[in-house]
Amino acid sequence: MTTIVSVRRNGQVVIGGDGQVSLGNTVMKGNARKVHRLYNGKVLAGFAGGTADAFTLLERFEAKLQAHQGNLERAAVALAKDWRTDRALRRLEALLAVADEHKSFIITGNGDVVQPEQDLIAIGSGGNFAQSAAIALLENTELDAKTIVEKSLKIAGDICVFTNGNHTIEVLDYSAK
C-alpha cells in the first residue's frame, strides 16, 4: 500500500505521501506520485490502495469537483454515493484523503465520507505510524504543517515496509486570506 498524511495548522493544509508501488513483497516502483492538486490548485488529494483503482477514483473525484464548482464536501458526498451504488466502483480498493482551505475528508472504499478529528488524516499501510507521529508533533511542538507531514512520513517509512522515503508533498497556504 502506501502512506498518505494530511495536517492542517496555522493557515496551511498539507498532504504528503510516499512513492512506493508494491506487488506482493516486491517493490515495482519507487517514485509514484500519489498526491495531486485538483480544481485549479485549490484542492489537494492523496490516495492509498491499488494504484489503478486509486487513479480511477481520483479522476471521478475531479469530475465531481468540476460538477459542484469546487465544493469539496458536495463532491466528496457525490463520489461516495456513486461508490456505493455503482457495481464497478464498489470493487475498487482505495482510500482518498482530500482537503481544501476549509475542510478535510477521508473517502473510504465503503462509500463513507469522514471528517477527521484534530485536523489530521493518515491512511494506508503506514497510516497508524504516521498518525501517531503527527499527533505527538501536533501536541508537543510548534512545527508547521509541512514539517509535521515530512517527519510523520519519515517515521512511517522507517517502520512500514510498504512505505518509502520518496515523498510528494503539496501545500495549500491560506494564511494570508
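Including glycine, each Cβ sits where the backbone N, Cα and C put it.
What Swiss-Prot says about this protein:
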type: ACT_SITE; residues: Thr2; note: active site
type: BINDING; residues: Gly157, Cys160, Thr163; note: Na(+) binding site
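Counting only same-chain residues at least 6 apart in sequence, those with a Cβ under 8 Å from the Cβ of Cys160 (Na(+) binding site) are Thr3, Ser125, Gly126, Phe129. Other residues of the same chain near the Na(+) site, with their Cβ within 8 Å of the Cβ centroid of Gly157, Cys160, Thr163, are Thr3, Asp18, Gln20, Ser125, Gly126, Phe129, Leu153, Ala156, Asp158, Ile159, Val161, Phe162, Asn164. Secondary structure at Thr2 (active site), taken from DSSP and collapsed to helix, strand or coil, is coil.
Here the Cα atom of Thr163 (Na(+) binding site) is found 5 Å from that of Thr2 (active site).
Proximity of Gly157 (Na(+) binding site) to non-local residues of its own chain (separation of 6 or more, Cβ distance below 8 Å) is seen for Thr3, Asp18, Gly126, Thr163, Asn164, Gly165, given in sequence order. Cβ neighbour count for the residue listed as 'active site' (all protein chains, 10 Å cutoff from its Cβ): 28.
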